[in-house]
Amino acid sequence: MAQEQLVLRGTMRGHTDWVTAIAAPIDNSDTIVTASRDKSLILWKLTKEQSTFGVAARRLTGHSHFVQDVVLSSDGQFALSGSWDAELRLWDLQTGDTARRFVGHTKDVLSVAFSADNRQIVSASRDKSIKLWNTLGECKYTIQEGDAHSDWVSCVRFSPDNTQPTVISGSWDKTVKVWNLTNCKLRTTLTGHSGYVNTVVVSPDGSLCASGGKDGVVLLWDLSEGKMLYSLDAGSIVNALTFSPNRYWLCAATESGIKIWDLESKSVVADLKVDLKQESEMAKDDAVQTAGGKNKVIYCTSLSWSADGSTLFSGYTDGVVRVWEVENEGHDEAANEHGYGAEHPEEEREGQVESPEAKRPEEASPVEVPCNVLDGISSALRRRHGGQKTNVGVVPYGLHVAEKGDEEAEQDGKELDRRHDGGFIPIDQFGCGRAGLVAHVHAYE
């Protein structure tokens with residue numbers, strides 16, 4: 001396979017201060033949403049032109065302080081933001097209006113997240129608490145005593161694996177904590193950082209967690225075992241992390257740029273730096289003005305992949321969103337085979353459901369699988385059906401499932417990945433398997 005590399009495709013200018021967070025929709029539509037210290041969010045329409053990759057379609061205003069985080073609902077209709085004004089806001093992206101305010105934190109809100117079914121919201125704050133909300137703006141539970149963090153809670157994320165509903169948090173107390181969502185009780189405290197934790201991120205299949213912060217080291221954790229697997233040297237303070245949706249890559253936003261690792265080889269795939277001269281040439285002028293000024297050091301503060309894994313959006317302290325694209329010309333399904341947490345990628349391909357039509361996901365034929373396989377599927381099925389369980393749905397192509405009544409085959413599936421019911425291959429948060437295809441599935445008892 002040809003060597004893959006990331007190249008700068010363009011920039012997006014509209015914010016006047018740090019770009020603190022970026023959210024890309026799971027349907028791969030031509031929009032993204034960004035949050036900034038300029039107290040606003042921007043809904044961008046992607047033009048994909050070289051000089052200007054996107055234009056500001058709508059600016060969302062209402063927060064009275066820095067907007068620190070933003071995430072999107074799975075249908076892409078709503079954005080959820082957290083701000084230093086101690087509030088969360090739910091935004092209707094069709095109108096740009098605030099649909100709901102979430103009031104309850106006593107200090108800056110540093111992180112927000114949607115559950116996979118969009119029914120629950122979690123937030124983290126400088127008041128050292130984690131709050132669980134419903135979408136009506138009602139706080140259902142607060143974690144602030146007992147096993148709670150002893151310092152600012154900087155980041156909080158849901159695991160996409162609904163077989164074990166989990167929330168993961170990172171804090172300035174140098175720890176990462178794993179919480180059972182069903183009762184909001186502590187499952188595990190992960191220790192290893194020598195400085196505050198800025199960011200945590202969960203792998204697409206929910207098996208791994210990565211954390212980073214002040215010490216410039218990224219730690220990889222096995223969530224099921226509650227133990228550290230290994231560390232990666234980022235070289236400087238880590239501000240944000242993101243897993244690729246379709247490659248075995250982990251990306252870090254740091255004070256020195258963007259570092260991307262291949263997790264199988266633990267090697268650096270790319271080390272991306274800002275080149276203002278190149279940007280001026282792309283913009284066809286000689287004055288690329290930034291919020292940080294010409295001579296100010298520019299840090300990367302936020303990252304988000306497009307749903308198909310082809311485009312990396314990065315936000316910086318100069319208020320600019322820089323857009324990188326994967327160039328490889330040789331990337332194919334083999335690049336996605338390893339998968340997060342998979343120990344036997346070669347064996348896993350045996351027994352996978354084969355589709356007679358692989359060109360377009362919607363053309364894949366129906367496949368009959370056991371009900372317990374559907375029960376184990378965490379995100380794709382529920383997202384497409386409003387959180388309601390169903391016998392029929394669209395789920396990732398590439399499931400490792402047994403033939404009806406074939407107990408031996410089903411047992412083989414469980415041997416391949418003992419962390420998942422039904423012996424299926426983990427899927428990613430966008431509802432895609434490693435091949436990026438989907439199949440219609442009918443369940444039987």
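Backbone N, Cα and C atoms are what each Cβ position is placed from, and that goes for glycine too.
Database features, via TrEMBL:
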REPEAT    12-54  repeat 'WD'
REPEAT    60-101  repeat 'WD'
REPEAT    102-134  repeat 'WD'
REPEAT    146-189  repeat 'WD'
REPEAT    190-231  repeat 'WD'
REPEAT    301-328  repeat 'WD'
REGION    334-368  region 'Disordered'
COMPBIAS  334-363  compositional bias 'Basic and acidic residues'
Q | Positions whose Cβ lies under 8 angstroms from the repeat 'WD' (301-328), at least six residues beyond its ends | A | 1-28, 32, 34-36, 38, 44, 53-54, 239-242, 244-247, 251-253, 258, 272, 274, 279, 290-293, 430, 432, 436
**Q.** Contact set, same chain, for the repeat 'WD' (60-101): CB under 8 Å, 6 or more residues outside the stretch
**A.** 17-18, 20-27, 29, 31, 33-37, 39-43, 107-114, 116-118, 121, 123-125, 127, 133, 135-137, 379, 383
(Q) Cβ under 8 Å, sequence separation of at least 6 from the ends of the repeat 'WD' (12-54): give me the contacting residues as numbers and ranges. (A) 60-61, 63-72, 74-76, 79, 81, 83, 91, 93, 96, 240, 282-284, 291, 301-308, 313-317, 319-323, 383, 429-431
Q | Counts by DSSP class (helix H/G/I, strand E/B, coil) across the repeat 'WD' (301-328) | A | 0 helix, 19 strand, 9 coil
Q. If you run through the repeat 'WD' (60-101) with DSSP, how many residues end up as helix, strand and coil?
A. 0 helix, 25 strand, 17 coil
**Q.** Averaged pLDDT, computed only over the residues in the repeat 'WD' (190-231)
**A.** 97
